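Report on one structure; see the data block that follows.
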């Protein structure tokens, strides 16, 4: 198997292991937190019944009731009957929580109820956050050539100079990201979430993909929502791919800044060259005979990382 196949196999293994890691976290969180949540729900039902049985409600009893209700609501347990039907710690919801934890989005709509869950959250995030960054970086490296290197090469072939070509490409990529990961998801969220407007969906997409995660809008929290587990899995996939595209966009801007001398002007570190073997077609075109020789050599032995063409091989001329 050649090195390109090995790299794709390694990436596939990373993604599969990442999914397994999320499932493992979901199982542990569900096992730890669901019994505690059910006990809290029973306590809330008993509290409501006790409050309703009082013939005369004093200010102190009302205040105590409200404090306990608000405390339970902070942990995702509502005193309302319709809001208490669905568990916040079933497998799909636990996996959604694990995903927001390791991607650092952290909506805060659900938090661990037990001390054991809190300790496990620390350990799980300590491993999961850097592992998520590793998987995102590996994915971005694999899509750099088809989404960045090749389009810039095509723009140069159409007659654009290197620097204008990189600007045009970045603007096109920005439009693509805004359309596919902000506007279109906002329309979907506003259609699926009854109480959300298009602006709410756009706001949620921006807050999520910037990993701000305020938690004032969280998908899949409506009572008796149809296909809720499938919907939560779809949102998890959207968050992962969206974060990957945001990272790609930032990396493309960094490389464009390198080419235009902005990073040097601001005395910032240059974006490292990508060691991707897909980047075999140089952006500055060479004689076809030379390119064929390079291809034949590449098939017989691995390329030296410094000799592989990348975004930064564009002439600054």
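In case you wondered, yes, glycine gets a Cβ from its N, Cα and C as well.
Range 230-250 is the one annotated as transmembrane segment, of 230-250, 251-271, 272-292 (source: TrEMBL). In TrEMBL, the annotation transmembrane segment applies to 6-32, one of the ranges 6-32, 33-59. Only sequence-distant pairs (6 or more apart) were considered; of these, at least three Cβ pairs between the transmembrane segment (122-155) and the transmembrane segment (230-250) are under 8 A, so the stretches are in contact. Within its own chain, the transmembrane segment (167-189) is flanked in space by residues 147-148, 151-152, 155, 160, 196, 198-202, 204-206, 209, 219, 238, 241-242, 245-246, 248-249, 252-253, 256, which lie at least six positions past its ends and keep a Cβ under 8 Å from the stretch. Counting only same-chain residues 6+ beyond the ends of the transmembrane segment (230-250), those with a CB under 8 A from a CB of the stretch are 22, 92-93, 95-96, 99-100, 103, 105, 136-137, 139-140, 143-144, 147-148, 173-174, 177, 180-181, 185, 192, 205, 208-211, 219-220.
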